[in-house]
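Here the structure comes first, spelled out in structure tokens, and everything after it is commentary.
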Amino acid sequence: MDFYQVLQIIVPSMIGLAAPLIFTALGGVFSERSGVVNIGLEGLMVIGAFTGIVFNLTFADVFGAATPWVAVLVAMVAGTIFSLLHAVASITFRADQTVSGVAINLLAIGLTLFLVKKLYGKGQTDMVTENFDRVDIKFLSDIPFIGKIFFSNGYYISYIAIILAIIVWYVIFKTPFGLRIRAVGEHPMAADTMGVNVAKIRYAGVLLSGAFAGIGGAVHAMTVSNEFSHTTINGQGFMAIAAMIFGKWHPIGAMGAGLFFGLAQSLSIVGASLPFFKDIPAVYLLIAPYVLTVIALTGFIGRADAPKASGLPYIKGKR
Amino acid sequence: MVKKMFGLLIPVLSVVLGLLAGAIIMLVSGYNPVDAYMALFFGIFGDSYFLGEAIRTVTPYILAGLAVAFAFRTGLFNIGVEGQLIVGWLAAVWVGITFELPMLIHLPLAILAGGLAGAVWAFIPGLLKAKFRVHEVIVSIMLNYTALHVTNYIISYVLTDKLDKTNNIFETATLRSPLLSGLTDGSRLHWGIIVAIICAIIMWFILEKTTTGFELKAVGFNQHASEYAGMNVNRNIMMSMVISGVFAGFAGAMEGLGTFGYASIKSGFTGIGFDGIAVALLGANTAIGVVLAAFLFGGLKAGALNIPVETPIPNEIVDIVIALIVFFVASSYFIRWILNRINKKGVK
């Protein structure tokens, strides 16, 4: 097997595994940029995965091949609604945002397993029948050399994740709404003085993070595991948080980090069968995203600073 | 006095609200909440076996709760208890299967190894917080996953030859007791509960009776003021994380040396570390509060296993209730606001 063939295996697998991380990390960017820490991304992904799979199983006959796409949209709505809990607790009730996020995670896994057992009478769902198909993108996959690597044997939804990163970058850095999000995350009092409704913008940030994490969870469930159980989402939400930090709270950075973590995951899965990687114990690849994030935070790879007001509730009139 | 009542009222109210919300969820899902809570109660106090298992579940909960609470008092959020617990578990078992020593040395050595491993694992976020101002929450989350993968690797490639669990520990390192087990109808109750209670007393003593504890709390209240008062903030941050990590490591050692007697590959987290956050929060970060909260949550977790035996209701309902209790405690501003409203009306 030559290197070109190896790339044709690794890269599509990398993009596929990275997509859920990118969606969720982009959600995290919205929330944290508006000043609300969202440790609950993991739980929101669980909700998304659960909703996506259950919808897919229930309505596969109705929607046919379009089922996964509709399921992703429904999961997005479910994630948004669930993230409302985090928004209410951390913005209106001024709860500790990390604690509220932990509660979201505990609640999500408890609630979804409760419902799975109620609906199916066992600890996991059946496998879904309507999956996202792997496709070769028209025209682009015909490009010599890179077409076979980057645009073949992938999911449409993965490419949407990458395009979405660019859209989110535009929204956050080029639109008034994005400016407001960044303002309430850096200096809410100044934003408030200028007439920006801090609570409203923060609600928008958290709800967007819920929507994106819902999509991320559903995409992960319908491309990787194809069923829902307590291990379907097993740290992907936290890895998305890592990607967001590693990408320095920047949408494009988060996408890059997501792709990189996707590569590490893909190597830890398919690496054992490839000539160049089989000598590396999988454990190094498994811990790479986490260790690299810690190193990035300490400033060895350029300093990563969180938005200034991130994690602090805004109380009007308090200096 | 009023303030003290408030401090007690909010946890109690949160528990009641949590149980009520759980009941509503069961009603909506078409289950009978009375049956569930009866089965839950029986699953804790029903017979001596259940009671023994409940106390066994409480043991690591106390220690994990103490770990979170201790860091909280210094203004640090140790969300990494889970990872520290896992490495503590492995280290304790490692000592337990490797050496052959008299029990008087072996058992304390194994427990201390667990504590030490937890301390080392917690020292990393402490150090990075003190030296580089990196937020301890993110670092310890990353270290949780690192711990999970590294311990799995060590178990299957270093301690065994590609097996999914280690040998059982030697009899001289075990916390298990035929006496306790016999008293509770063959449950896995072990001496760990004594260790946990001693640790709670140690935490109370350090925080309330020593200069170190005073400094740790001072840093938690106001870093700048403590620094101007001549305290070494960085040293206190590291110290707090290390002590917190020792408690977390002990929690792992209790599982390794008491409940299981071996370490096995984990596909996911034990959850004890995260539940420790709930325990600390409900216990208002005090030693006695943590012990009480651990008995509540540990009891609920153990009793939950009886719910699907006696009713058609999934035991996850208890996880939902616990999460909701955390939610209500965290949102105590809301409860406080309502109570203030009611009080004011009463005055008028």
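Along the chain as shown, residues are numbered 1 onward.
Backbone N, Cα and C atoms are what each Cβ position is placed from, and that goes for glycine too.
These numbers come from a predicted model, not from an experiment.
What TrEMBL records for this protein:
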- B:54-72: transmembrane segment (TRANSMEM)
- B:79-97: transmembrane segment (TRANSMEM)
- B:103-124: transmembrane segment (TRANSMEM)
- B:189-207: transmembrane segment (TRANSMEM)
- B:237-265: transmembrane segment (TRANSMEM)
- B:277-297: transmembrane segment (TRANSMEM)
- B:317-339: transmembrane segment (TRANSMEM)
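If you look at the transmembrane segment (B:277-297), the same-chain residues 6 or more away from its ends with a CB under 8 A from one of its CBs are 7, 11, 14-15, 58, 61-62, 64-66, 68-69, 72-73, 79, 81, 196-197, 200-201, 203-204, 207, 322-323, 325-326, 329-330. Only sequence-distant pairs (6 or more apart) were considered; of these, fewer than three Cβ pairs between the transmembrane segment (B:237-265) and the transmembrane segment (B:317-339) are under 8 A, so the stretches are not in contact. Between the transmembrane segment (B:189-207) and the transmembrane segment (B:54-72), the number of CB pairs under 8 angstroms, six or more residues apart, is three or more, so the stretches are in contact. With a cut-off of 8 Å between Cβ atoms, the residues of this chain six or more beyond the transmembrane segment (B:317-339) that come close are 6, 9-11, 13-15, 17-19, 21-22, 25-26, 36, 40, 275, 277-278, 281-282, 297, 300-301, 303-304, 307. Long-range contacts of the transmembrane segment (B:79-97) within the same chain: residues 60, 64, 67-68, 106, 109-111, 113-122, 125, 136-137, 139-141, 143-148, 150-151, 154-155, 159, 166-170, 173-174, 244-245, 248-253, 255-257, 261-263, 266, 269-274, 276-277, each at least 6 residues beyond the stretch ends and with a Cβ under 8 Å from a Cβ of the stretch.
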